[in-house]
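Down below is the structure, laid out as structure tokens.
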Amino acid sequence: MVLIRVLANLVMLHLSYGEKSSELVIGGRPCNINQHRSLALLYNSSGFLCGGTLINQQWVLSAAHCDMENMQIYLGLHNFSLPNMDQKRRVAEEKFFCLSNKSYTKWDKDIMLIKLNRRVKTSTHIAPLSLPSNPPRLRSVCRIMGWGSITSPRETLPYVPHCANIMILRYWVCRAIYGSLPAKSRTLCAGVPRRRIGSCLGDSGGPLICNGQIQGIASWGSDPCVNHGAPGVYTKVFDYNDWIQSIIAGNTAATCPP
């Protein structure tokens, strides 16, 4: 009953959505119901919306800037107006950040690891996604997904998550467009040159999936979204593998790479 009430609130949020949220897929298509079994929705009653990725039965990976009070985490969700029988709602038992004060920048440490209050079982619409065994190759075709806005600057939230394929680009492409980026960072630059395809408001924290592994976390991009085909910036998960695995193993004092 609680889950039904919350989903009703989410539907109302879509009907009345104004000018708030955090990053959605522009230029994509509705995901197939079985294409996003690891995708999590992070939500609270104020209407803050983000994505996340289930990486094992009790842990979700998202972006640090997606942290919110009274966070609710939905797994196995496809259509806001038509609940799946196996979808689950969880809350955060603990949240971990690279720095204790949750300090991050547009090019560094925008990563959050969430321990769920209860485990979830693999089911028809729920399954964890593997961490990367290697960094993604240049020009790899990867998939993004989320419930973010499908239009920009005016925001339009979909009832089902949207998916799109984008490409890993050279880091200097993002650096040339976003002059504030340093010479090196633990991020990935991804998009489709000269095409308006990419993440937008409400997609932040969601996955960049390459060859069945989570390689990136949607972090930030242009405003309006994918303006003139501008690529997005994604936290490079491979660089944080050791930190993630250490935290999950119980070493809560583990530190992120410098």
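Using the three backbone atoms N, Cα and C, a Cβ is placed for every residue, glycine included.
Summarising the environment of His65 (active site, charge relay system), the number of other Cβ atoms within 10 Å of its Cβ, over all protein chains shown, is 19. The active site, charge relay system annotation in Swiss-Prot covers His65 (among others).
Of all Cβ atoms in the shown protein chains, 26 besides its own fall within 10 Å of the Cβ of Asp110 (active site, charge relay system). Annotation source Swiss-Prot lists active site, charge relay system at Asp110 (among others).
Classification of Ser204 (active site, charge relay system) by DSSP places it in coil, neither helical nor stranded. What Swiss-Prot lists as active site, charge relay system is Ser204 (among others).
Per Swiss-Prot, disulfide bond is recorded for Cys31-Cys163 (among others). In the three-state DSSP reading, Cys31 (disulfide bond) counts as coil.
If you look up Swiss-Prot, you'll see Cys50-Cys66 (among others) marked as disulfide bond, on the strength of sequence analysis. Other Cβ atoms within 10 Å of the Cβ of Cys66 (disulfide bond) number 25 in total over all chains.
In sequence order, Cys98, Leu99, Lys109, Ile111, Tyr240, Trp243 make up the list of same-chain residues 6 or more apart from Cys256 (disulfide bond) whose Cβ falls under 8 Å from its Cβ. Feature annotation from Swiss-Prot assigns disulfide bond to Cys98-Cys256 (among others); the stated evidence is sequence analysis.
Secondary structure at Cys142 (disulfide bond), as computed by DSSP, is strand. Every protein chain considered, the tally of other Cβ atoms within 10 Å of the Cβ of Cys142 (disulfide bond) stands at 22. What Swiss-Prot lists as disulfide bond is Cys142-Cys210 (among others).
Residues annotated as disulfide bond in Swiss-Prot: Cys174-Cys189 (among others). Residue density at Cys174 (disulfide bond): 23 other Cβ atoms are found within 10 A of its Cβ, drawing on all protein chains shown.
Counting Cβ atoms from all protein chains shown, Cys225 (disulfide bond) has 26 others lying within 10 Å of its own Cβ. If you look up Swiss-Prot, you'll see Cys200-Cys225 (among others) marked as disulfide bond, on the strength of sequence analysis.
Annotation comment: Swiss-Prot describes 25-249 as domain 'Peptidase S1', evidence class sequence analysis.
Around the Cβ of Asn44 (N-linked glycosylation site), the same chain contributes Met68, Glu69, Asn70, Met71, Gln72, each under 8 angstroms and 6 or more positions distant in sequence. Asn44 (N-linked glycosylation site) falls outside any helix or strand according to DSSP and counts as coil. Annotated N-linked glycosylation site per Swiss-Prot: Asn44 (among others), in sequence order.
In the three-state DSSP assignment, the secondary structure recorded for Asn79 (N-linked glycosylation site) is strand. The 10 Å shell around the Cβ of Asn79 (N-linked glycosylation site) contains 16 further Cβ atoms across the protein chains shown. Feature annotation from Swiss-Prot assigns N-linked glycosylation site to Asn79 (among others).
According to Swiss-Prot, the N-linked glycosylation site annotation covers Asn101 (among others).
Here Swiss-Prot flags 1-18 as signal peptide.
Checked against His65 (active site, charge relay system) by C-alpha proximity, the recorded positions Asn79, Cys142, Cys225 yield Cys225 as the nearest. On a Cα basis, Cys142 (disulfide bond) lies 23 Å away from Asn79 (N-linked glycosylation site). Counting only the Cα atoms, the space from Cys163 (disulfide bond) to Cys142 (disulfide bond) is about 10 angstrom. Neighbour counts were taken at the CB atom with a 10 A radius for the disulfide-bonded residues Cys31, Cys50, Cys163; the maximum falls on Cys50.
The Cβ of Cys189 (disulfide bond) lies under 8 Å from the Cβ of Ile168, Leu169, Arg170, Tyr171, Val173, Cys174, Arg175, Pro231, Gly232, Val233, Tyr234, each on the same chain and at least six residues away in sequence.
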